[in-house]
């Protein structure tokens with residue numbers, strides 16, 4: 001009996017080793033988490049059927065004289081029996097996969113056992129089916145609670161399964177005397193070994209999945225902490241100052257040697273090893289980063305040569321580089337470096353991928369918030385500059401004066417003033433409006449200004465109908481026209497022309513132009529215009545700065561406000577995508 005126990009322990013040990021190996025394969029771990037899906041059930045059927053077949057093939061042959069022999073057997077003599085770990089594999093299949101998997105594995109294992117032959121081989125087909133169904137029932141109960149049977153319960157179920165096996169041998173064997181003799185030899189070793197094996201098998205599954213859950217919990221905590229600490233900086237946009245703070249936070253919270261963030265063209269920040277030559281404001285040094293920016297796909301490398309840094313003393317030996325996206329376009333990279341290649345594991349890769357997705361979302365949210373603030377600022381500045389009490393009362397006084405002279409004209413101006421107020425308020429709630437709406441708002445504004453200063457300036461709007469649904473930021477043309485009226489024609493009472501036009505730039509873009517014949521912009525202010533606030537006698541220039549930021553934020557740097565200025569006048573223009581709002 002002791003010899004049989006030791007031989008069975010060897011077989012169980014083999015099963016346990018294979019179980020441990022499987023549970024350290026990510027695909028199999030994911031399979032265990034999806035065990036209630038039919039696809040996963042069929043895969044579990046195949047895996048546990050292979051376990052069951054191996055249990056049959058590596059069984060211990062017992063003859064009538066109780067002689068034991070262990071090898072790999074495909075066929076057995078008619079007068080011998082087989083002690084094996086088949087019950088363990090069928091039982092675990094049912095506990096993990098439920099009745100379907102347990103029954104399937106039981107049938108496959110039983111049919112193969114009948115094929116192998118031996119004394120009363122049909123008994124083991126019957127017992128295998130019973131064991132699969134009963135183990136599957138206990139597995140189903142655990143599945144409904146979204147759990148696995150406990151280790152102690154698994155051991156008890158293993159004992160019950162072996163007792164069913166012994167009862168089947170006693171009930172269905174033709175030679176009762178031989179059945180009793182066989183049971184007296186194998187019952188205790190098989191009950192002990194297979195129940196312990198079942199408990200160990202289930203403990204490996206439970207502990208591995210629990211360890212993964214704990215790891216995910218730690219990762220989730222780290223990611224949430226990173227999100228909370230980095231979000232305020234992402235709201236500022238991806239610049240050198242914010243990137244430096246973000247890189248420092250990641251370096252402090254993660255086990256990495258260095259962290260770098262780049263834009264599409266330059267290093268924005270580098271914290272940690274290699275910071276002596278990976279210097280912010282420099283062009284991107286590594287070919288690895290350039291490849292990621294070009295392909296838009298994550299890359300992981302484990303050698304200095306693959307990183308592609310040309311500095312001879314660079315300590316960086318492994319890296320993972322993740323693209324950062326905004327609205328589907330690559331805007332930069334997040335790079336994590338390691339001085340020891342062994343520190344870059346599957347866990348770091350998963351965490352890096354998750355961070356890249358989160359950071360890309362934060363960049364988009366930050367940009368959306370920036371646009372919202374800019375739009376609100378545009379509304380406030382527009383209302384302050386154009387709907388100020390001074391503007392309002394001047395318009396009302398003009399209309400009042402016209403009531404006595406030209407009541408129809410006064411009525412028209414009152415409607416224009418009403419429309420102007422309404423359009424300003426509506427524009428403040430949208431990121432883009434149609435060019436047609438923008439021009440209507442401009443016409444309302446011009447009607448009021450021309451009523452106050454008759455004949456002082458001429459406005460020519462030359463826009464083809466096919467462009468009237470092009471989407472533009474609110475106040476785009478209004479700000480440029482107002483800028484010309486306020487600054488271009490100082491002390492000039494007549495001959496002041498402003499031209500507004502839209503022309504085709506490319507098949508997918510249009511150029512929007514506002515041109516005046518004023519005195520031009522002084523050279524000391526030209527390089528500042530649109531980039532920062534410019535103080536003047538009649539304003540700060542912040543409206544143009546705000547407009548330029550909104551254009552670049554909505555459409556990219558290629559849409560930035562551009563201008564040319566001479567003593568004969570100034571031309572402002574921007575190039576926007578030919579995006580049209582469909583007419584209802």
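The backbone N, Cα and C atoms fix where each Cβ goes, glycine too.
As recorded in Swiss-Prot, the features of this protein are as follows:
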type	residues	note
TRANSMEM	6-28	transmembrane segment
TRANSMEM	40-62	transmembrane segment
TRANSMEM	88-110	transmembrane segment
TRANSMEM	123-140	transmembrane segment
TRANSMEM	155-172	transmembrane segment
TRANSMEM	184-206	transmembrane segment
DOMAIN	311-362	domain 'GAF'
DOMAIN	363-580	domain 'Histidine kinase'
MOD_RES	390	phosphohistidine
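Taking Cβ pairs closer than 8 Å, the transmembrane segment (40-62) reaches residues 4, 7-8, 11, 14-15, 18, 22, 28, 31, 34, 68-74, 76, 80-86, 88-90, 92-93, 96-98, 100-101, 104-105, 108-109, 112-113, 116, 182, 185-186 in its own chain, all 6 or more past its ends. Residues 1, 4-5, 8-9, 12, 15-16, 19-20, 23, 32, 62, 66, 81, 83, 85, 87-88, 91-92, 95-96, 148-149, 151-152, 154-159, 161-163, 165-166 of the same chain, all 6+ positions outside the transmembrane segment (184-206), place their C-beta atoms under 8 angstroms from a C-beta of that stretch. The listed stretches are 6-28, 88-110, 123-140; of these, 123-140 has the most Cβ pairs under 8 Å to the transmembrane segment (155-172). Look at the domain 'GAF' (311-362): DSSP puts its residues at 20 helix, 19 strand, 13 coil. Only residues 6 or more beyond the boundaries of the transmembrane segment (6-28), in the same chain, are considered here, and those with a CB under 8 A from a CB of the stretch are 47, 51, 54-55, 58-60, 68, 70, 83-85, 88-89, 189-190, 193-194, 196-197, 200-201, 204-205, 208, 346.
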